[in-house]
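A.B. asks: Next up is a structure, given as structure tokens.
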Amino acid sequence: MKNLTKSLTQNQKQFNEENWYDNYQDEHEARGSHRAFIKAHVGHTSYEKRDQFNNYSEYLLSVLGFAAGFGSVWRFPYLIYKNGGGVFLIPYFLILVLVGIPSFYFETAIGQMFQRSPPQCFEIANRKWKGLGVFGILLTLNMSTYYNLILAYSIYYLWESFKYPLPWKIDDIYTSPEPWNTEYFYKDVLRSSSGLESIGSVVWPLFFCYVLSQFIVYLCICKGITVSGKVSVITASSPYILLFILMIRGLFLDGAMNGLSYLFSPDWSKLYESQVWVDAANQVIFQVSTGCGVLIVFGSYRPMNQEIIKTSYYIPVITVCCGLLASVVIFTFMGYMSNVTNIDINDMPLKGPDLAFIVFPAVLVQMPFSNILSIIFFMVMIFLGIDTQFGQIDALATAIEDEFHGKNIEYKGFSIQMNYIRAGVCIIVSLSAFLFCSQAGFFYLDFVDNYSVSINMFVCIITEIYFYFYIQNWEEVEEKIKINIGQQTPNYMIFLMKYITPLICFILSMIAIYLQILDIFDQKWWVAILGWTITLYPYYSIYHYYSKYKDIYETPKSYPTNCTELNELQS
């Protein structure tokens, strides 16, 4: 153990990430306890060397692209407008500091220190709680299916944007009952049925767009993070550039200032309404994207000695900037639409798919160069969506690869390469197109979104923090951070992670459960059963692994300290 202590001291003073797998060649015997620890906890001692981002910029843009998402365009602007204008930013930034940044730091640190996907991060610590990691992966699987449908809508609209005139154009907006073509979206694109029970037939143009989007995702992630990280440099930065172009155009439109006044005019009385704080907290969790395991996976692709604290501030704040930029774009164009049609902005549908696929396209069609502007807008939507899908599909594939100890799975004499694993994940997600691209697909999008995400993301954050702070020993993780990075987690960050973040998430989860229970009385019995099945089925993973290993008592052990002990010594 003296050799081990000496080696770790040298590692702390002069750490060379390029030589992780070349150092400590003579220390195998001294670190036999770590080999035994890993084997006892995960049942094997072999992993392939883990891929990593080529540089910090790739990591930064990959996470920014994943976190920004569609909500930055169609949800964040509406919430600012609905909840008191600029006043909404007060509870938003407060909860970002109390919940968003600490939970982002926590998940990134766990992934970076253990260099594994969520199931293995919990398995290494205590295999009874491996189900917590599987829980997050199942949540990601749920989200990836319906999220891909919105991406399919965007691809379809991009294709239609090359037609002249634009197919959703109304001949005379002044004599029409409303200046936007609602029927085009619901009748021509979705061919929407009457509800969940009327599934109808498959809408094949949407089905093709759905599968095409997964094929594009596969091409970008089939070679792993080293390739998808390079792609993200383009796809994650492009939405900001294109939104900036739209903002410049929007600011010169007649009525633009009227739209911005609607957006940012403060209503201080809103600060006393509980719904404003609930909306702010929900948006923080969804926009920072904690609680689904993807940030743990992204963290696992970083070098163990890379700084975490500043990153945990940069990325959440930049995602807010993306939302603010999109808000300015949306409301300058809404102000123009109000000026042209004499319809008050309050009377326009400003939330969700109606904003992105009905109202905003209707605004663009009234302007010069409408085709070009439509192409730019739907390219923004596609880039936002495809970056999120990169993260989700990669997290699903990485969890499978880590479960089988490496990028190439050896099973009963067969070798399955990484690109086949990722193709399999994309195919599985694509199979959901038969439901989501049916005539009832739009209803199932909203249905699965409501039941699979709202409660479970909060529960996932609570249970992750509870495990590492109250069941295991967070000080062990903190020691790994200190050795590899050379800095400690600030005391205020530990206090927030241990007490404030889980408390706020618990309150939000109770509110979400209460609202979901109220919905039961407005639904048919089979819809309620199906919805709660979607909500509860991920919890089976927790029960399964806990019951499987419940008779095995495991005391908190010292975690492997660096990447050498976690990789090279497992060979």
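Think of each number as a place in line: the chain as shown, counted from 1.
Using N, Cα and C of the backbone, Cβ positions are placed for all residues, glycine too.
Sharing the record's features from TrEMBL:
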TRANSMEM  59-81  transmembrane segment
TRANSMEM  87-106  transmembrane segment
TRANSMEM  132-159  transmembrane segment
TRANSMEM  202-221  transmembrane segment
TRANSMEM  241-264  transmembrane segment
TRANSMEM  284-301  transmembrane segment
TRANSMEM  313-337  transmembrane segment
TRANSMEM  357-384  transmembrane segment
TRANSMEM  420-445  transmembrane segment
TRANSMEM  451-471  transmembrane segment
TRANSMEM  492-517  transmembrane segment
TRANSMEM  523-540  transmembrane segment
A.B. asks: Can you say which of 59-81, 132-159, 241-264, 284-301, 357-384 has the most Cβ pairs under 8 Å with the transmembrane segment (420-445)?
C.D. replies: 132-159
A.B. asks: Any contact between the transmembrane segment (451-471) and the transmembrane segment (523-540), i.e. 3 or more CB pairs below 8 Å with pairs at least 6 residues apart?
C.D. replies: yes
A.B. asks: With pairs 6 or more apart in sequence, are the transmembrane segment (241-264) and the transmembrane segment (87-106) linked by at least 3 Cβ pairs under 8 Å?
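C.D. replies: Between the transmembrane segment (87-106) and the transmembrane segment (241-264), which are separate recorded stretches, there is no contact, as judged by 3 or more close Cβ pairs.
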A.B. asks: Going along the chain, which residues at least six beyond the ends of the transmembrane segment (284-301) come within the CB cut-off of under 8 Å?
C.D. replies: 50-53, 59, 62-63, 66-69, 71-72, 75-76, 92, 95-96, 99-101, 103-104, 106-112, 114-118, 121, 133, 136-137, 139-140, 143, 225, 229, 315-316, 319-320, 323, 391-392, 394-395, 398-399, 453, 456-458, 460-461, 464, 505, 508
A.B. asks: Which residues, given as numbers and ranges, are at least 6 beyond the ends of the transmembrane segment (357-384) yet have a Cβ under 8 Å from it?
C.D. replies: 65, 68-70, 72-73, 150-151, 153-155, 157-158, 161-166, 168-170, 173, 179-182, 184-185, 189, 235-236, 238-239, 242-243, 245-246, 249, 253, 330, 333-334, 336-337, 340, 348-350
A.B. asks: Considering only the recorded stretches 59-81, 313-337, 492-517, 523-540, state which has the highest number of Cβ pairs under 8 Å to the transmembrane segment (132-159).
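C.D. replies: Maximum Cβ contact count belongs to 523-540.
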A.B. asks: Can you tell me which parts of the same chain pack against the transmembrane segment (202-221), counting only residues 6+ beyond its ends and a CB-CB cutoff under 8 A?
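C.D. replies: Sequence-remote neighbours of the transmembrane segment (202-221) are 148-149, 151-153, 155-156, 159, 189-191, 227-228, 231, 235, 385-386, 389-390, 393-394, 397, 422-423, 426-427, 429-430, 433-434, 436-439, 441.
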A.B. asks: Using Cβ distances below 8 Å and needing 3 or more such pairs, separated by at least 6 in sequence, tell me whether the transmembrane segment (492-517) contacts the transmembrane segment (59-81).
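C.D. replies: These two segments do not touch.
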A.B. asks: I need to check the long-range neighbours of the transmembrane segment (313-337): which residues 6 or more away from its ends have a CB within less than 8 Å of a CB in the stretch?
C.D. replies: 60, 63-64, 67-68, 71-73, 76-77, 80-81, 92-93, 96, 100-101, 104, 179, 239-240, 243-244, 246-247, 250-251, 253-260, 262-263, 287-288, 343, 345, 348, 350, 355, 359-360, 362-364, 366-367
